[in-house]
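Visitor: According to Swiss-Prot, the record shows the following:
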BINDING   G117, S118, A119, G120, K121, T122, T123  ATP binding site
Amino acid sequence: MAGVKLQERAAVVGIGISNMALIRYLVARGVRVTACDRTSAEKLGERAAELARLGVPLVAGEGYLEPLADHDLIFLTPGMPKHLPEIEAARRRGAAISGEIGLVLDLCRAPVIGVTGSAGKTTTTTLIGEILRAAGRETYVGGNIGKPLIEQVEAIPSEAVVVLELSSFQLQLVHRSPHIAVVTNVSPNHLDVHATMEEYVEAKKAIFRRQSPADWLVLNADDPTVRAFAAEARSRVVLFSRRADPGGRDAAFVREDRVIWRRGGRETPILFLDEIRLPGLHNQENVLAAVAACFLAGAPLSAVREVVTQFTGVEHRIEPVRVLDGVKWYNDSKATSPAEAVAALTTLPAPIVLIAGGSDKGIPFDPIAPLVAEKVKTLILMGPTAPKIEEAVRRGGYAGPIRRAADMAEAVALAREAAAPGDTVLLSPACASFDAYRNFEERGRHFKSLVEALS
């Protein structure tokens, strides 16, 4: 399908931050927008008031999808299921269906670097953006992080570069692939929205489906699912690996504790692993992915080294909070899946007091069980997934104490009680936050405020 063309009328479903920016963009260009949201107008508050000021009618609550029946251009919020009957009916009659980030990709004149994966997206995207800025490039970072780019996309010059973090939900709504596409890894995630694991993997493939032979695809050779993507690519493939030389004329890999970049068969040593400030083996993979993307985008070695040797991470990703009475506290609220919790548990030293649990994404928790059994001293569980996590870790051999917390405040209090000097307290929920918070950022900030208040 070609890129979406603006029409006289459009329906926008889901009135979140990015879609409010999209609505402002559309209204400014004379499109008559109908806003749709399952939340009541009262609960939408200021957003409903802004829609009224813009002259945009709002269909809220029950029946919010009814306007889709008479619109030929529909923009969906990324996280909603795409198989709802009203959406399927619109698709069958030929309506154009897209999202805010899909329109950004359609309109953007600058080359785009897109990053997807089940884990590591934000760190890799941020690293790429910082390296390109250090290289002197005018750089815009957005997508699943930062501010919506739709309101400024037409002002981004062709000589700039745009770096997008792209979720599987967003990729279901795009009609163009980035010039440089990066896939960090793929593991079960978002199975509360995607009908099957196969659908989730297919959504990830959209990042390269519409690439040409002039484009690049950067793949994690250590992930069998991701490496297999190479066979389906029309673009040029670059593999990265922290375990071995993955082969090929172009690759990023580790040899004798040193990051190596190979382009056209010529190898360049980049830096030693102990120069990387980011902790954990998973972050070595993120660095390799970022290094490959940035060299393909023309960044010099000096910019790569400058950033990678100084970059210490992003908020809510194994983020040190404080040391209190000999106990180290870490905020890993971004761990919204078991795979991300595994990365944190692998990185930090035992004994660990682990706070986990939240809303259910339909993912099995068995992957965390071996590390919980090996490294966790006390497990504190909260939220609807607590019983499922307890069952999984007991089945996996964890014999330590498990405490239940009604909320984050109680979880922090229980962790303080359980931890001794030399221990690590880790919030790494392995779950989404929507049972108690608007997003993982709000959850992480609440955790940090509670920890900072301890005395």
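Placed from the backbone N, Cα and C atoms, the Cβ positions cover glycine too.
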Visitor: Beyond G117, S118, A119, G120, K121, T122, T123, what residues of that chain have CB atoms within 8 A of the centre of the ATP site's CB atoms?
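Guide: Apart from the listed residues, the neighbours are V115, T124, T184, N185, N286, E340.
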Visitor: Fewest neighbouring Cβ atoms within 10 Å: which of the binding-site residues S118, T122, T123?
Guide: T122
Visitor: Give the number of CB atoms, excluding that of A119 (ATP binding site) itself, located within 10 Å of its CB.
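Guide: The answer is 26.
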Visitor: Does DSSP put A119 (ATP binding site) in a helix, in a strand, or in coil?
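Guide: Going by the DSSP assignment, A119 (ATP binding site) belongs to neither helix nor strand, so it counts as coil.
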